[in-house]
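Peer 1: Dumping the structure here so I can ask a few things about it.
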Amino acid sequence: AYLVALVAGDLVAAEVGPRSKVWAEPCLLSTAIGKLSGRVEHWLSAAESLYGPYIWGRYDIVFLPPSFPIVAMENPCLTFVISSILESDEFLIIDIIHEVAHSWFGNAVTNATWEEMWLSEGLATYAQRRITTETYGAAFTCLETAFRLDALHRQMKLLGEDNPVSKLQVKLEPGVNPSNLMNLFTYEKGFCFVYYLSQLCGDPTHFDAFLRTYIEKYKFTSVVAQDLLDSFLTFFPDLKEQCIDCKTGLEFDRWLNATG
């Protein structure tokens, strides 16, 4: 994993599952308990059924003040979440399940460089949607996906289809802030590529099986896109024989390095 973080403050904790606590300011604790009691274990169990054992022991959550600059961060063992998310049950579900997915994609297997950030976010977004499909049904997942892809299309129109930031692998020139890569393209275009790979398999459970072997092979290491794609073609030799990575208009290299 590449994340280490500390939190200090007027915090109290309560158990919400056999391997999970919530931490929050005293005035928020009862709300956090009500929102998450029993749910976190349900999400972890669903993720384990798809991608193998949860390897970090505890999965605790700390709710931080509104000044926290991002919605959530998947620090191993203790996910940081902005407290304002407690206002929306749907966003709470989606965002925490996304951080749960990072326990496999991002923390267990980490992108080697900032330029490969889509490996973490694209795979975690795909896994998040597999988990929500298992726990809340396909309609819930389809609505959330449609909402996010609409936002991606609007951002594309705003920036222009030739904008280099729309590439999955954006080259970081000297002086470029890596935080610029934390955009909808990293998440949603990354998801689209992973979803495309899953559709090539014909059945999402076959792709789940591949991802389990990918996690086991690269656990506690850093990877680049080619590691994922080589493993994919090795796991599905019939697709390799079809030269699926060179299919006109859908070349893997085009997914990674073309704008739009």
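Even glycines carry a Cβ here, placed using N, Cα and C.
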Peer 1: Which of these, Glu48, Glu116, Glu121, Glu134, does TrEMBL say binds Zn(2+) at the same site as His98, His102?
Peer 2: Glu121
Peer 1: Other residues near the Zn(2+) site, CB within 8 A of the CB centroid of His98, His102, Glu121?
Peer 2: Glu74, Glu99, Ala101, Phe105, Gly106, Ser120, Ala124, Thr125, Ala127, Gln128, Tyr187
Peer 1: Note down the number of other Cβ atoms within 10 Å of the Cβ of His102 (Zn(2+) binding site), including every protein chain shown.
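Peer 2: The answer is 25.
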Peer 1: Among the recorded positions listed here, Glu99, Glu121, whose Cβ has the fewest other Cβ atoms inside 10 Å?
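Peer 2: Counting other Cβ atoms within 10 Å of each of the recorded positions Glu99, Glu121 gives the minimum at Glu99.
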Peer 1: Within 10 Å of the Cβ of His98 (Zn(2+) binding site), how many other Cβ atoms are there?
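Peer 2: The answer is 22.
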